[in-house]
Amino acid sequence: MEVSLARVDYLQVGVTAQKTMRLLPASGRRATQKVVVGDQDGVITCFGIKKGEPATVFKTLPGPKIARLELGGALNTPQEKIFVATGSEVRGFTKRGKQFLSFETNLTEDIKAMHISGADLFLCASYIYNHYCDCKDKHYYLSRDKINDVLCLPVDKVNCITPVLACQDRVLRVLQGSDLLYEVEVPGPPTVLALNNGDGGDSGEEIVYGTSDGKLGLIQITGSASVPKWEIDNEKKRGGILCIDSFDILRDGVKELLVGRDDGVLEIYSFESADDPVLRYDYVLSESISSIQGGCVGKDGYDEVLACTYSGWLTGLTTELAYREGGSGEELKLSQEMQSKISSLRNEVEHLQMKVLGEREKYQQSSQSSSAVSSVPAFSVNDKFTLNKDDASYSLILEVQAAIDIILVQSDVPVDLLDVDKNSAVVSFSNCDSDPNGNCLLATYRCQANTTRLELKIRSIEGRYGTLQAYVTPRIQPKTCQVYQYQIKPLSLHQRTHSIDHDRPMNTLMLKGQFSFAEIHSWVVFCLPEVPERTPPGESVTFYFQNTFLGTQLESTYRIGEGCFKSDNISTISILKDVLSKEATKRKINLNISFDINEESVRHTLKLIHPKLEYQQLLAKKVHLIDALRELQVQEGNVDFLVPEYRCILEEADQLLEEYKKQPAHLERLYGMITDLFIDKFKFRGTNVKSKVPLLLELLDGCEQDRLIAFFEAAS
């Protein structure tokens, strides 16, 4: 059965956070449902559709930002009570809008995630989980990393309370009371959890998770261990997953999986067999989807998928066709209902345009008076700065509630801006200062009209660290700008992982001194990405990392007065030694530094680099031949006389050029890494070999792996 859905835009509220829109239960079978949504102005809006137009049921006054909105009620009854989390408070409303609960929690931080099951309330701040029963504190847990979402298995099916936390360190933590029952490793940082089929499946133990790097999976949470069921990789390189729901939109008796992503892609997966779900339908909205749910909203008997976007648009994809067949059966004509709707919308737009002109004139007059007071308009920006494992680059996503005019990117460290296919902005570069403490990058992105979301790709160099700044200017009057800062860390291309290969030849760096656990943790946070800012509980901690560019590894273990760092790359140890020494000196802490260098690790690292080097050298040579080969082709009329290798280059010319364009300075990066490895190897011996670097660079062009290793060994 093909999925055929028509788009309907209902109304717009304020900027919304993740999981802040729900559909109230229907009063009858296949009857229309009311929609309730909370925004960052603190307003809760509940509306239904009457005669094709949104009709407000109730609307609250503005207040603190609404971080989550959930439905609740007694177990085994319709879940039609509305609960919202604002700051550290939870408020409850009836479906008519009457407030019946105002519960001020004992949380010192704002609530980030919430789940409700009967009389049980599960709340999470950044690192803290609290379980309340009838508004009384019952259980507490301090997580080792940030909590993104919380869920509890259905009590009526599993007969016990089993909360599950989705944590930033790629782990689902299953709790029992205030204790950690066990941990479940997942392939990416989980951002959202949902019960499979809406009720946890037949056993009630099945949870669907979505990750920030776009992966989707199903896990069965049993009382003693987890059982992975399926996992879908993000092969199309789409955005991170923000919301999940289950609903039978195909009407085949099996609920489909509805997924909303942060790049605006809405997906419907169906279960045609017991295997992995199959993507049946996708639709692209212009901004991130913060909430998604299936139900019946626009018209009785017509199911639809309702999505709420970042800027607050409530958009439905309905099974009711927007067009109907004409008398001849061939032409499609708009229904009378649709024509009247278009007419009323045109009148509304004209009225709003007149109102805007009037307000603009008033503003111009008031701004020119002697008593004028300038007011800067506020606007919300949703930003995300994450490391991509696939191409070892950082993705900077900036989403604004108004259309973007200009984004200026400035960096005080050398970084490369990579092409992003989705971008329609025009980029221009400015000359930068030669001063090493000044600008290393100045780039301006001029966006087309109605662009509210821009994605940039940035590649950094390990060992060079500083700050990247983005100046965001939307198309609003008077002109205003907001600045966002992102740290480029010394080991910026390292990503957290669950385990490493201990059989590799490892180099060791040992630190000892009069420093606290919190101090050495702050140094590690400064050096490496994806490390929680809060000091982990316990007396010591171990983190594992993998370099996304080379595949080398790092093990970091530290406690009060002692730190141990192991890596199969000498350059990683060298960067850590320099940066940690510098940070300790700033705090006037004396460090006793010792190291153990494994000579075999140099050969091992070169073997990891060389295939990449060989591939990039071959790619560069092919690209440099393309123009000459194309000229030959034009002059001779055909290329039959060319050897197969050159004919193949001509056939693949477009793909080769595209790949080369996406990887600027890739070859130079590899040359730089090999040079750094050469210098760092002898630096630990106390020998300066910078004078031999030109010889190394000469050798690198078309160099064989054995000759390269021999040069490293002969230099000693």
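Just so you know, the numbers here start at 1 and follow the chain as drawn.
In case you wondered, yes, glycine gets a Cβ from its N, Cα and C as well.
The coiled coil annotation in TrEMBL covers 335-362, 615-663. According to TrEMBL, the domain 'BBS7 beta-propeller' annotation covers 21-319. What TrEMBL records for 377-486 is domain 'BBS7 GAE'. Annotation source TrEMBL lists domain 'BBS7 platform' at 494-596. Among the features that TrEMBL reports, domain 'BBS7 helical hairpin' is placed at 599-712.
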Structural state census, the domain 'BBS7 platform' (494-596) (DSSP three-state): 28 helix, 38 strand, 37 coil
Mean of pLDDT values spanning the domain 'BBS7 helical hairpin' (599-712): 82
The domain 'BBS7 GAE' (377-486), counted residue by residue under DSSP: helix, strand, coil: 0 helix, 60 strand, 50 coil
